[in-house]
Amino acid sequence: MKFIDEATIIVAAGDGGNGCISFRREKYIPFGPAEGGDGGNGGNVWLQADENLNTLIDYHFQHNFHAENGKHGQGKNFTGKCGKDLTIKVPIGTRVVDQNTNEILGDLIVHQQYLLVAKGGLRGLGNNHFKSSANCTPRKKTNGTKGEIRRLQLELILLADVGLLGLPNVGKSTLIRAVSAAKPKVANYPFTTLVPNLGVVQVHKKQSFIIADIPGLIKGAADGAGLGIRFLKHLERCRILLHLIDLAPADQSSPVENASIIINELKRYSEKLATKPSWLVFNKLDLIDKREALNIAQTISDALNQKHNYYLISAMNHQGIKTLCRDIMLFINKNK
């Protein structure tokens with residue numbers, strides 16, 4: 001199924017039913033008291049997180065949603081039936097924004113979590129509500145109020161513990177294939193990854209973490225170049241970022257300059273994202289002498305003022321991966 005992580009929908013809660021003007025009329029009571037019933041409340045609109053969904057594609061085809069209106073009141077003090085609530089299911093990780101005010105209404109991050117997005121209108125009152133000892137036959141009632149109408153921006157932000165960052169073709173997809181059961185496309189050309197991929201890394205029997213791979217970033221990504229900038233939001237909820245660096249770029253580019261590109265683009269996109277815990281992971285150790293790899297890694301680590309230890313791995317040969325995954329698990333457990 002196509003991965004769609006943004007959608008716009010219009011939700012309308014139900015209107016409240018009107019109150020009724022009615023009087024008791026029986027054979028021997030020609031001018032009885034008021035007995036007009038109240039209307040029913042309008043139905044609310046809710047969003048509900050569903051772990052069985054992973055895309056917002058359905059809402060690219062259906063944009064308008066309306067809860068049921070409340071029924072009008074009737075004679076003999078019959079209250080109108082309340083309108084049924086409408087529940088719209090969305091993937092876990094969906095952020096809901098009111099497009100008119102840019103207010104974030106909520107984040108749905110737990111299975112079956114509910115969020116009220118449009119409140120139904122209140123019921124109108126029948127004339128029975130307005131009778132008194134001085135006036136038992138009032139000709140007064142109120143109409144139900146209108147239900148809320150909202151234009152909502154739905155943004156799916158993946159829930160992952162670890163996010164992979166890097167230029168195109170540095171081996172992010174190869175790494176996620178090596179450490180999990182995920183099977184993203186892998187090929188020797190840029191932008192093989194077109195959408196984010198998630199993988200579950202099982203470190204021990206009862207310990208695992210989720211890792212996210214997004215399309216590679218390029219210089220100018222913060223200005224819209226390439227594919228990765230659109231998907232950077234999926235790293236917002238990650239606890240730690242792994243910055244993958246190619247030790248032996250096929251285009252003979254400088255690993256130091258390549259590392260700086262990612263750091264700069266991340267800062268330009270979001271200072272908050274740029275300050276997340278980030279580890280340097282140097283990939284393709286199988287293509288270069290280990291001593292040379294250590295020199296490159298140390299140079300880049302010093303240039304970027306990296307405080308945490310860096311890692312040398314070969315995603316292709318699974319070299320150094322076990323240690324990396326173990327340390328990630330320790331970090332996650334420590335920072336819960």
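Every residue, even glycine, has its Cβ placed from backbone N, Cα and C.
Per Swiss-Prot, these features apply:
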BINDING   166-173, 191-195, 213-216, 283-286, 314-316  GTP binding site
BINDING   Ser173, Thr193  Mg(2+) binding site
DOMAIN    1-159  domain 'Obg'
DOMAIN    160-333  domain 'OBG-type G'
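Over all protein chains present, the Cβ of Ser314 (GTP binding site) has 22 other Cβ atoms lying within 10 Å. The binding-site residues Lys172, Lys284 differ in how many other CB atoms lie within 10 Å of their CB, and the one with the most is Lys172. Counting other CB atoms no more than 10 Å from each candidate's CB, the binding-site residues Asn169, Ser173 peak at Ser173. In the predicted structure, the domain 'OBG-type G' (160-333) carries a mean pLDDT of 81. Cα spacing between Ser173 (Mg(2+) binding site) and Pro215 (GTP binding site): 9 Å, rounded to the nearest whole number.
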